[in-house]
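For reference, the structure is listed below as structure tokens.
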């Protein structure tokens, strides 16, 4: 078996990636989220495949086909809720994975980090298009509002929006193409994940100290396979509790009303995992400015290697920047809350303050904190 593991062309690749992979001996549970994201992606592809067998991407039958899945298909309700809540679990793991990367300075592995940002955009695009498919009120109006933002692009904006819609409004053509893209994107994401792992294995994993760990590496299997398995069990338990006991807690009641272009819901908002970006978008009165801020809220992650001023890689031994980091986390939670609130006083001013704070902490305060810590170290 060992000879086959090390000699067989295909198994050899798996061996170097998941079995004999030299891994730092001190990586904590924060490094579990990569494997959990792999599990989430697998769950989403499998449940999505079974949903696609029964779903029809036509405006007249989309809503009723989802109802049919829940009522008439064997365990259709379970497949549908696993897929819907699986997206939420996916984003929870994604945000924690990115947060770990920021905290421990993993952005210094530039190729892996940039690949991760591309993956984040791809997953966000997939989730957005998936939310449109049930063709409820929030599906329709969410699609209308978000795609309409592209009309802010000077000169070509309106033409671009109509090209994406396939007409003069969100209609049959839009739903069909969104279904096609929603189906193909997870497979593109899977390919990108392999590239992400390829880049990661070029440099090896980071660790909580941020120091070079070449002198103290252990094989991935069995040490981290068993550790990942524990993480998987915890995730699956949380996932099944969410799916079986609180399936609708993260959804919007408006989406149980069929899409009606003549009736606008009082509060149009995306799924919870987009609310922070939606709050940043709404905090700027100008349409183009809002769109740019929305894009920049994710693209700013690509600039983190340039904004790194500290002599140390991680925040483990940097209390000032640690404080800034946790203020940033709190700020993102505030933005998520504001994104779900109506556009009125005091939510407008809170959203604007939180949006300014978000960019200021990343671009100004964290780099300054790094320089202050460098000076403190020099004094010692």
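Quick reminder: no glycine exception, Cβ is built from N, Cα and C everywhere.
Note that this is a predicted model, so its numbers are computed, not measured.
Per Swiss-Prot, the feature transmembrane segment maps to 33-53 (among others); the stated evidence is similarity to another entry.
Positions annotated as transmembrane segment by Swiss-Prot: 77-98 (among others).
If you look up Swiss-Prot, you'll see 83, 182 marked as heme b b562 binding site. All protein chains considered, the CB of residue 182 (heme b b562 binding site) has 21 other CB atoms within 10 Å. According to its DSSP assignment, residue 182 (heme b b562 binding site) is helical.
DSSP classifies residue 196 (heme b b566 binding site) as helix under the three-state reduction. The annotation heme b b566 binding site is assigned in Swiss-Prot to 97, 196 on the grounds of similarity to another entry.
What Swiss-Prot lists as transmembrane segment is 113-133 (among others). Below 8 angstroms of C-beta separation, residues 48, 55, 57, 62, 66, 87, 90-91, 94, 97-98, 101, 106-107, 139-140, 142-143, 146, 174-175, 178-179, 181-182, 185-186, 188-189, 192-193, 195-196, 199, 270-271, 273-274, 298-299, 301-302, 304-305 of the same chain, each at least six residues beyond the ends of the transmembrane segment (113-133), sit close to that stretch.
Residues or ranges marked as transmembrane segment by Swiss-Prot on the basis of similarity to another entry: 178-198 (among others).
Look at residue 201 (ubiquinone binding site): DSSP puts it in a helix. For 201, the entry in Swiss-Prot reads ubiquinone binding site, with the evidence type similarity to another entry.
Remote same-chain residues near the transmembrane segment (226-246) are listed as 29, 32-33, 35-36, 39-40, 43, 78, 81-82, 85-86, 88-89, 93 (criterion: CB distance under 8 Å, separation of at least six residues from the stretch ends). Residues or ranges marked as transmembrane segment in Swiss-Prot (evidence: similarity to another entry): 226-246 (among others).
What Swiss-Prot records for 288-308 (among others) is transmembrane segment, and it gives similarity to another entry as the kind of evidence.
Annotation comment: Swiss-Prot describes 320-340 (among others) as transmembrane segment, evidence class similarity to another entry. Counting only same-chain residues 6+ beyond the ends of the transmembrane segment (320-340), those with a CB under 8 A from a CB of the stretch are 99, 102-103, 269-270, 272, 274-280, 282, 310, 347, 350-351, 354-355, 357-358, 361-362, 365-366, 369-370, 372-373.
According to Swiss-Prot, the feature transmembrane segment maps to 347-367 (among others), an assignment based on similarity to another entry.
Cα to Cα, residue 97 (heme b b566 binding site) and residue 182 (heme b b562 binding site) are separated by 23 Å. In this structure, the C-alpha atom of residue 83 (heme b b562 binding site) lies 30 angstrom from that of residue 201 (ubiquinone binding site). Through the fold, the transmembrane segment (288-308) approaches residues 98, 102, 105, 107-108, 110, 113-114, 117, 120-121, 124, 149-150, 152-154, 276-278, 280-282, 355, 358-359, 362-363, 366-367, 370 of its own chain, all at least 6 residues removed from its boundaries and within a Cβ separation under 8 Å. When each of 33-53, 178-198, 347-367 is checked for Cβ pairs under 8 Å to the transmembrane segment (77-98), 33-53 comes out on top. Below 8 angstroms of C-beta separation, residues 279-280, 282-284, 293, 296-297, 300, 303-304, 307-309, 321, 324-325, 327-328, 331-332, 334-335, 338-339, 341 of the same chain, each at least six residues beyond the ends of the transmembrane segment (347-367), sit close to that stretch. Comparing residue 196 (heme b b566 binding site) with residue 182 (heme b b562 binding site), their Cα atoms are 21 Å apart once rounded.
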